[in-house]
Amino acid sequence: MKTNDVIIQFTAKIVFFIIFFFSIHIFMAGHYTPGGGFVGGLLTSSAIVLLVLAYDLNTVRTVLPINYIHLIATGLLLALGTAAFPMFIGKPFFTHFFDYFTLPLIGKTSLHTAMLFDAGVYLVVVGVTMTIIQRIGEDD
Amino acid sequence: MMILTNSVVILFITIGVIFIVVTAIGLVRLPDLYTRAHAASKSATLGVMCILIGVFLHFWLIEDHFNPRILLGILFLFITGPVGGHIMTRSSYIAGVKPWKGTVRDDLGPEIERMKKEQGIQ
């Protein structure tokens with residue numbers, strides 16, 4: 001029976017943004033506090049799964065037209081590129097660099113290449129989780 | 001000042017724990033699913049929110065650490081706790097769980113019959 005589910009759809013719209021921004025916060029804060037790419041990726045995919053539960057798979061695919069297989073490939077390339085870059089300038093594999101920059105709005109910031117590696121992990125985790133859930137869910 | 005802060009923190013955490021104990025008693029003593037869901041979704045949400053306020057005040061006033069994640073958690077629980085209770089109760093009504101035998105009024109039953117007739121089920 002098709003029922004009227006206004007309440008869960010409206011709640012999912014609001015809660016999606018809370019979970020998504022919290023996952024970005026967890027991802028950014030991973031260097032100094034608990035968190036990082038893996039937990040952030042899982043939280044992002046759980047926010048998308050909440051949308052899938054409240055609406056359906058085709059609606060979410062229209063709203064977020066992402067090919068998750070390509071997302072996995074992008075994440076792996078980013079991680080491998082960050083790891084392999086120091087070899088071209090005569091440093092060992094996986095050497096990381098960091099420096100302090102003064103950015104216009106944020107002020108003094110320490111930027112580290114481990115962040116790029118973490119972004120690769122994040123993309124791979126989101127891609128793998130959403131691929132599994134889409135493949136299982138669309139099997140009508 | 002220290003005594004006042006500690007008293008406020010202890011007050012909030014005590015209220016929260018009492019509400020959660022009330023929830024547990026309600027889950028054991030109440031007769032059917034709907035009254036139990038009423039106990040669980042309402043007083044457990046309030047109890048956890050009171051405990052989180054106590055923790056937030058403790059870290060803010062005593063440890064001098066303003067933690068906005070706890071405020072976000074309170075907002076999140078306030079939004080999602082009642083909605084979770086609503087969805088579970090509604091799906092169990094549609095799945096056919098009968099209310100307690102002392103129930104005198106049932107407004108959702110005729111509505112569901114009307115929706116079934118409109119969509120041509122039965």
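The backbone N, Cα and C atoms fix where each Cβ goes, and this holds for glycine too.
Keep in mind it's a predicted model, so treat the numbers as computed, not measured.
What TrEMBL says about this one:
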DOMAIN    A:7-131  domain 'Na+/H+ antiporter MnhB subunit-related protein'
TRANSMEM  A:12-32  transmembrane segment
TRANSMEM  A:38-57  transmembrane segment
TRANSMEM  A:69-89  transmembrane segment
TRANSMEM  A:109-133  transmembrane segment
**Message:** Cβ pairs under 8 Å only, please: of the recorded stretches A:12-32, A:69-89, A:109-133, which one is richest in them relative to the transmembrane segment (A:38-57)?
**Reply:** A:12-32
**Message:** Within the domain 'Na+/H+ antiporter MnhB subunit-related protein' (A:7-131), count helix residues (DSSP H, G, I), strand residues (E, B) and coil residues, in that order.
**Reply:** 90 helix, 12 strand, 23 coil
